[in-house]
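The next block holds one structure in the form of structure tokens; read it before the comments.
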Amino acid sequence: MRRKRYVWLKSILVAILVFGSGVWINTSNGTNAQAATITQDTPINQIFTDTALAEKMKTVLGKTNVTDTVSQTDLDQVTTLQADRLGIKSIDGLEYLNNLTQINFSNNQLTDITPLKDLTKLVDILMNNNQIADITPLANLSNLTGLTLFNNQITDIDPLKNLTNLNRLELSSNTISDISALSGLTSLQQLSFGNQVTDLKPLANLTTLERLDISSNKVSDISVLAKLTNLESLIATNNQISDITPLGILTNLDELSLNGNQLKDIGTLASLTNLTDLDLANNQISNLAPLSGLTKLTELKLGANQISNISPLAGLTALTNLELNENQLEDISPISNLKNLTYLTLYFNNISDISPVSSLTKLQRLFFYNNKVSDVSSLANLTNINWLSAGHNQISDLTPLANLTRITQLGLNDQEWTNPPVNYKVNVSIPNTVKNVTGALIAPATISDGGSYAEPDITWNLPSYTNEVSYTFNQSVTIGKGTTTFSGTVTQPLKAIFNAKFHVDGKETTKEVEAGNLLTEPAKPVKEGYTFVGWFDAQTGGTKWNFSTDKMPTNDIDLYAQFSINSYTATFDNDGVTTSQTVDYQGLLQEPTAPTKEGYTFKGWYDAKTGGDKWDFATSKMPAKNITLYAQYSANSYTATFDVDGKTTTQAVDYQGLLKEPKTPTKAGYTFKGWYDEKTDGKKWDFATDKMPANDITLYAQFTKNPVAPPTTGGNTPPTTNNGGNTTPPSANIPGSNTSNTSTGNSASTTSTMNAYDPYNSKEASLPTTGDSDNALYLLIGLLAVGTAVALTKKARASK
């Protein structure tokens, strides 16, 4: 199946075979030169000025010397010319070979191909691996069917646009970026090109293509390839392809190479069931499930991906070549069914168990270097192996490989493994386990720390602790016809256990730790009012221990918990207006200036809005939390004095409290208006809404004087008798009096009541005396006097 890997090389070799291993001179049956002719016999080296070409033509023309002359007839006999790898720098003179049909000038130093411009009989040109940049001379060679120019310096391929008979065109490894000139070359069956191409649209009409190589370009979009349904081989390595969906309908493909792209999803490949050769190396593939049905595959390359599971490959039993190198494999058991494998690569993985290959008896080449394999006994029956590469593993015993007599290539260098740890002692001894193919122990080449070897043991004398000792081995071994150096290093770790003591404010815990290991960090200790800073090698100061990187030394250690004191915030809340202080744990707060509040006396700062405990700024210490202290007040009590014409009573009421309204006072001849904050005028006190201010107050009873009715004339109004039988004399205005219409019976009662006035406790209480009772007495006496005078006057008149 290797032939498919070199499809373009195959085409070149076919052309070379046509030429043969030597040089042929064919008769042209009288065909005359079309491009140029010589008119007389001329020395070879004058026609072909390049020394190397002249030497070649001497042989081709059957001459002895390059100075021998030849005629045009001689030159016309040459139809094919094989001149590769001769160091030719110029093809001057080739223009006289008018009958040339095939030439091979590969691997020379050509820069100018002008002599070809009129050689229109040419059908096949091979000029790969030169220094050609200008291919204009090929523009008129319309009979060309095959043209190979890979690995030159070509940028412009426009001169090829009219070469419509081309069916093979090879232009890889140039500097081509534009392939639009190819759009009309619809006869092409094989095509390769460039390394700077990004746009494949010009290929849309090349539907006869069977083999296409677009390797080493800058292609990301391959949608146009969906039209090329006749493709059998597609090589698209080293591009920028991430989406291969367009390939899903190319079911004629038997060879596909997508090596070196950006593939993650290969689901499209599930439909390409005719594939026999698939190269997906150097991508980002992890899921191989789409490959499970590609049962015709014989070659599969999956190296340098992200594969950890190869189960989908278990049914691909036609595989002969499988590459799984540079992945993330640990389990390779699915390959045990692939019994037709002859070639298997597993290098640079994480494989420790190679036993699944034991059933692959057809294996000829096996590569599993740079893994973790220690036991190779499963290889014992793989007698067809001729190439075994198993370096950089952990192999110590070669005995199982003794029967692999067909080996010609062998690699067993740089084995390396570490034994299980043993406890450190002054004298340490371990057995040597390294064996060659015959089973004999291989003596150490070097032993660390002054150790010595007495078969089968290696011994060290270690007066002070060291964490490991080691030895190396190095011996030439031969298996079959393959000879290599079996070499490696064996490391023996030594455990040293020491105490790590952890101190937290005088309390101690101890852990045993092996030297060189990381300590397990204890749970962080908690200390009220403090933040744990870390574990230090001193009680104060010192160096903080890093549990991620610091390793146990070869001695006991003491680590101390260190803390930093926390700061907390005390918020002072004065009826919603706040200030704050930041104080360390257990610190004393600075007492704020005592706040004031109208009508209240500041009691102090408390830990609750109401109730709670009072904060003592001299002794109370900051707790391990933020706190809020509230200003609390006691309402002040103020005195309200009620003044009724100089007679007073009082009430004590808290600030903003409501006063209890006294019983309405009375005053003869007046109507009570209410209580006012001034003797006259002022504001009337509303006992339902007005609240006690933050000061003592006096409220004054105010009255309005009742109107006085005028006295009746003619004595027509009879006196009024009250319930007590007293006669009320008619009302009269008395100058200087403060009262009017006051009865004699009520006057005495009012005076008595006023002398005993209590506005809050007596329901019978009357207003305090106003001083008007004396005037009433005088009025009464006056009225009696007037009445007496009137009576006496009437009596005198009657007696007359």
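Including glycine, each Cβ sits where the backbone N, Cα and C put it.
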Of the ranges 112-116, 462-466, 592-596, 767-771, which one does Swiss-Prot list as motif 'LPXTG sorting signal'? 767-771
Tally the residues of the repeat 'LRR 14' (362-383) by DSSP class, grouping H, G and I as helix, E and B as strand, and everything else as coil. 3 helix, 3 strand, 16 coil
Within the same chain, where does the repeat 'LRR 14' (362-383) have neighbours whose Cβ lies under 8 angstroms from its own Cβ atoms, ignoring anything closer than 6 residues to its ends? I mean 6 or more beyond. 325, 339-356, 389-398, 400-401, 403-406, 411, 417
Using DSSP, tally how many residues of the repeat 'LRR 13' (340-361) sit in helix, strand and coil. 5 helix, 3 strand, 14 coil
Mind tallying the repeat 'LRR 5' (165-186) by DSSP state, helix then strand then coil? 3 helix, 5 strand, 14 coil
Residue list, the repeat 'LRR 7' (208-229) vs rest of chain: Cβ under 8 Å, 6 or more residues beyond ends. 7-8, 170, 172-173, 186-201, 235-244, 246-252, 257
Write out how many residues of the repeat 'LRR 15' (384-405) are helix, how many strand and how many coil, based on DSSP. 3 helix, 4 strand, 15 coil
